[in-house]
Amino acid sequence: MAGRGCSCGPGHLNEDNARFALLAALILLYLLGGAAVFSALELAHERQAKQRWEERLANFSRGHNLSRDELRGFLRHYEEAARAGVRVDSVRPRWDFTGAFYFVGTVVSTIGFGMTTPATVGGKIFLIFYGLIGCASTILFFNLFLERLITVIAYIMRSCRQRQLRRRGALPHDSLKAPRKGEADSLAGWKPSVYYVMLILCSASVLISCGASALYTPMEGWSYFDSLYFCFVAFSTIGFGDLVSSQNAQYDNQGLYRFANFVFILTGVCCIYSLFNVISILIKQTVNWILRKIDGRCFQQCQRRLLRSRRNVVMPGNVRSKGNISIETDGVAESDTDGRRLSGEMISMKDSNKVSLAILQKQLSEMANGGPHQPSTQALDDEFSGGVGAFAIMNNRLAETSGDR
């Protein structure tokens, strides 16, 4: 990081703390910007809706000779009934077996639409323990899905790379399956691009969302844009609950529709979760790039201060074999060890800046080349080994922590 005695920038923090602090600041700015945009877009509409409601409430109260207090009391009773699942229009039962299965699916997937919630004390207590185990298991499932998805993507990308090399004449055309030693040497330096993985996952998510929207538009009576909006909210597990699929009492081909709805939500959540993992790696890479820029400027400032501070220093004669040494040479010579240490730290930081990106690239490369190298016995016995993306980073950190004990 920065030189000794320099407290500017993030030099007094280690890399992880500096990264965490910068990311927290960026997220805070992102939240403030989002709040400003949504407030500008939605506040006027909220005020207009409130004004229209007050006018309708006043007209209804005068037309039916009801006091405002009596009418508001009745509406509060309806709000309580709505929270229990009662609606003006006919809807499916919330707590029969199929409704309960839909509910637990939204719980363990962390979607949580909110249209169905437990009302009894026993149901709320059971939900706490049920969600604790269910959500953890589903996160593990999503990570394992990501590993297998990357395996397929890496295999396809490797096959495309092999065909490209054969067209260029770098590989022989007679080996269509396992590469021989020469081919392995030609592919040894190749690693699938994480950006291509992100592009593939993004394309898959868009295709699933468009297909699901084409289904929801006629079945639910939504506009196609509202269906796309629901797909993102559901697949990303945001789950506002303003639009929820498969809630009417009857549908055409009801069994088939509910099965298709289940498949779309499951595959959509898996793809969006995988996409979020890859995007988070790129965000981390961007944060580390910002830290490198800040740290590089701090390092240069510290070097300039160090050189300026040595201009008036009188060196003893026995320190150097030659009496006259320029200021620049003296500064570089005396700080040679520090310079190597500083440059070494910056190099290690530069390398660690792409740790998460390299983990995913390593997984891609190993999977594309037929699986990872044989791990050592210690690695096999390590309960924290394995994983992809953010899951792999957490496992590696746990492995390092357990190894220090």
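Quick reminder: no glycine exception, Cβ is built from N, Cα and C everywhere.
Features of the protein shown, as given by TrEMBL:
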type: DOMAIN; residues: 92-149; note: domain 'Potassium channel'
type: DOMAIN; residues: 199-283; note: domain 'Potassium channel'
type: TRANSMEM; residues: 20-44; note: transmembrane segment
type: TRANSMEM; residues: 100-121; note: transmembrane segment
type: TRANSMEM; residues: 127-157; note: transmembrane segment
type: TRANSMEM; residues: 194-216; note: transmembrane segment
type: TRANSMEM; residues: 256-276; note: transmembrane segment
### Query
So what's near the transmembrane segment (100-121) in sequence-distant terms, Cβ-Cβ under 8 Å and 6+ beyond its ends?
83-85, 94, 127, 130-131, 134-135, 137-138, 234, 237-241, 244, 246-247, 262, 265, 269
### Query
Of the residues in the domain 'Potassium channel' (199-283), how many are helix, strand and coil by DSSP?
64 helix, 1 strand, 20 coil
### Query
Under the DSSP assignment, what numbers of helix, strand and coil residues are found in the domain 'Potassium channel' (92-149)?
41 helix, 0 strand, 17 coil
